[in-house]
Every structure is written in C-alpha cells, then in structure tokens.
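What Swiss-Prot says about this one:
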type	residues	note
BINDING	GLU261, ASP305	Mg(2+) 1 binding site
BINDING	ASP305, ASP307	Mg(2+) 2 binding site
DOMAIN	255-337	domain 'Toprim'
ZN_FING	37-61	zinc finger
Amino acid sequence: MIPSDFIDELLAKTDIVDIIDEQVPLKKGGANYMACCPFHKEKTPSFSVSPTKQFYHCFSCGAHGSAIGFVMEHQGLSFPEAVQFLADRVGMVVPKVHGQNDNPEVRAERKKKQQTLEETTAAAADFYAQQLKFNPAAKAYLDKRGLSAEVIAHYGLGYAPDGWQPLTQVFQPYPNTALVDTGMVIDNEGRHYDRFRHRIMFPIRNPRGQVIGFGGRVLDDSKPKYLNSPDTPLFDKGKNLYGLYEGRAAVKEAGRILVVEGYMDVVALAQFGVGYGVAALGTATTAEHVKILMRQADSIYFCFDGDSAGRKAAWRALENALPQLKDDKSLHFLFLPEEHDPDSYIRAYGKAQFEDALLNQSKPLSEYFWEHLSDGIHLNTQEGKAELVKTSSPLLAQITAPALAYLLKQRLSELVGIDPDNLAQLLGQEAPKRHVKQKNYKLPPISVKQPVMPTLVQRQIRSLLINPDWAAYIDLPDYLALDGDFACLANLAETIKNHPSVPATAQVLEHMRGSPYEETINRIFRSALQSEEMEGGGEEDCENFQIGIKKLLNELKYSQIEALKQKSLQSGLNESEKKLLLSLLTAKQN
C-alpha cells in the first residue's frame, strides 16, 4: 500500500493543469481552465480544471477527480500505475513494501537498472523497425497481409534478422546484463544468441507506451509460429495485453474493447478500422487481464475461433473473469466459423459485417455460462439437474457482482425446478430470512427520525471538502453513536485533522479513495460541482458552517436521548446505556 504522505507530496509537486494540458488543450476561462471533455464527445466545452483546488470536472458527463484520477481514467491505468506515472515525471520513487526503499542508494540503483532495461528494449524496437525497411521478404509478408505503412508504424512492427547475434549491430558489448535480463538474448551455459531471429516483431508496450517485451511471428510455416519474451523485471505476460496502448483512443471512442487470440488479429482488425482489439501474450486470459479490461471499457468482447481450442480459451477467460465481475460491466463471447479467425473473417466480410456479428451474434456471459455448463447434461432427468447444480455451485460462489449473482441463481432455479430458498441451501447459503418484527428496541438511524438532517449533513460535508481547514471546528464527543452521512462527516473531519498540514481538496479526495465513505464523498462532491458551489467560503460562510455543526450535534443528542428514554420505559437500560444517557443529558444542559 502506498503511504498517504507520499500521495500528498506527489500531488503537491504535480500541477494538474500541466498534466491535462498535455492531453487536452486547455483555454483560460476565468479562474479555471476549460476544454471539450476527453471522456465523451461534445462540441461546447464543459470540462473544467481548477488550478487552485487541483481537480477537474465535466459538467456534462460528471467525470471528476485529481491528477491521479485523470491519469487513471484517461490512460486506463490502475491506481498504483497512475501514481508511478506521475512519480516518474517529478523524479520521485514510489515506496514499496517491506522497507525496500529505506536506503536511498538502493533506490537509486534500482531506478538506474530499470532505466537501463527500458532503454534496452526501446533500442531493440528501433533496430527491428529499421531492419524491416531493408528486408524484402519481411516487407512482402506484411504487404501480403494487407497492412498499410500507417498501421505498421502505429504498432511499431519490425523485423528480427536471421542469424545468431544480429543485436551486436546495436549493443556493445554483446552480450550485456540488460540484454539477458530483458530476454532479448539467451544465455545457454555461456553461449549467447538472440532470442528472436528471422521473425516479424511486435513490440509490447505498457500503458505508458514503453516497450517492455516482444512477440515474434515466423514468415513461413516454421515452429513455433509465435515466440514471446519471457517474464522479466519489465514484462509479466499475465498482467499485460498486446495492443492496449495503441488502441486506447479507439477503445474510448467505441466504448468497448475486444479480446482476440493473436497479435496479427489485432493488427489486421486495426487495418480494417477496428482499432479496439487486444490480445493476451502467450497465455490464457487471466484475472489480472480482466481487471485491466474492465478499467478500459464497460463492454468487453471476447472473439475466438469456433474450434475446440477457441472454445476452451473462451471458457478459461470466463472462469477467470467470475471473481472480477461487476454489475455495471458486461462480457460477451463471439465464436467465429471454424474456418475463420478474426483476421481472415474481416478480410472476407469487411468491418461492417464483423461488427454486426460482434454486437448482434455474440453471447452475453449469462447465456454462454449456462450453455457451456448444460452441454452434454440431460436436464429432462433428475440426475442431470443434480449434476448442473453441482457443477455450477463453485462457479456461482465466485461471483461478487450482487445483481448478476442473484439473477444467475434465479436462472439455475428455473432450469432445475428447485425453489430459490431450497436451492440457496443446496448452494451452501442461508435462505432469505422472513421479515420478523424485532422485539429488542434499536436506536433509530438519525436520518429516519430527522429527515432534514441528511441534507444538512451533506451541506456540511460539501463545505468541508471545499474548505478543509474548517475541520478544526468539528469536535464530536466519543459517546455519540454515528451512522450514515453523519459518520462520513466525522471520518472526513478526522482524516483532515490527522493531516500534518491543511490538505488541498484534491488531496482530501485521494485520502478518501478506498474508504467505506468513498461513494458518499464522490456523490456529494459531484453534487457540489454540478451546482457550481466550489468557491471557498468567506467569514460569514464559516460562521454558518459552525452553526450548522452545532445544530447537527443538538439534533443527534436529542434523537438519542429520546430513543434511550423509550427503551428505558419498555425494557430498561443496561449500565453502559445508563452512562450514555447521563452523558447526553449532561451535555444537553451545558
């Protein structure tokens, strides 16, 4: 976990205006900067960037956040990747676990080694791209595949010359440690030679565009057809996808991402205008791949050959996706005719028919899930139904998306003819409990007893986000029972007060990332942005804020006193409740 003080320092050294202006040309508009939103199509600028509060907001689509949030959303990076991206820009080293970064010399050495490896793969990619220009056989192969110079350049395709040590033309001495560590050169008991020879080369880039590895394809029928870089300090095939960096703009424009099996499929699809394709790197689609895909788009499509190998790969992808599923994301599976792969299909039928098949003939995960599991099972028999329950049970248990999990279990209930309550018991879950009126008196949530309070609480949260220094005016007694938005307000104030200095709004938002109150904070902050109430408050506003806090405290104390009095009349109070009531009554008098 990255320390919060590091995030604070990183944001303090980062100017969000510079970060966004590199991607979206900004124009000064009053105190803020404006542009057309990069996250949706629009003609009139509604995307605002605040240099003082260091956050962005789109008044049309609602996108908002700090510099970290922008990099995550715009480049499709995870939180740690976005932090690393910004840290590299300002020369900071992201702290690692287990005290790896305690020693400055160790940090510097590690950073130097990382840079050397990155420079090595970049130089190799340039070498391969240059070699392609001078090899007629390689150029003829790509020409036969119908690839234009623009697509070849966009994906950085190249050619690894035949021979044992072509990289000696670039790297001296040969070999060196970096060549071996990046997998470019094989060390076979002291004998060194290039891994990639006489192959079309596909550079593999990380989300920041840096070359981290390669895939190489033969020009003839030699084996292996594809050869990939091994896992290295730069490259992990289970956590990277080919074409993700090159296709990021097309993915955003289409609103979907397409997973295919081979590098050439990705490039061929791009040649025909389908630029949102990616491919796994010599491995099945992993859970990490699914996480990455879901960060890129709401709709994820898998397109595989219709043969047994393709269907096996599709099912592996589905299995690995189950724990990562979300109710606002959808997965679809398209199986092409056995004689086709995506490359040959789009060449034969064109972009329009390919996308029509993708959108209208692909099967949603829910349909493919039951189709695959039911294959070969006789559901007209009791034994078949029992088998389906048994085989689906461990898979259903992995699904954490609540709505989808519920609907899939409802579908299983229909398929096997078992009542949902009884089926839940078979699946190892408790059946839904009947509503029974509780005998024990429970203190009511303050939002129920005082419907005006959530609105007032939200106003205070909004004011605190805009003016973090006002947290000094919030002092909540320990004995108060807090829930809902009031608990959120208390946590927000405590977070700000624990900060060594008064944080900016963007820093506060990042501190709340991953907390139980993140959704509430974002909802209220978004409301403030939409209402354009984001200017800092003056002296009168600060006084009103303090009055509001006092009013909330009084309302909360009164509500809890009344609840305890009612319980005292009904069933009596225990010792802790008596002490609580005494504290509340004493506070009320003061």
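The backbone N, Cα and C atoms fix where each Cβ goes, glycine too.
Features as recorded by Swiss-Prot, highlighted on the structure.
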residue	record	Cβ neighbours (10 Å)
GLU261	Mg(2+) 1 binding site	22
ASP305	Mg(2+) 1 binding site	24
ASP307	Mg(2+) 2 binding site	15
Distance between GLU261 (Mg(2+) 1 binding site) and ASP307 (Mg(2+) 2 binding site) at the Cα atoms, whole Å?
13
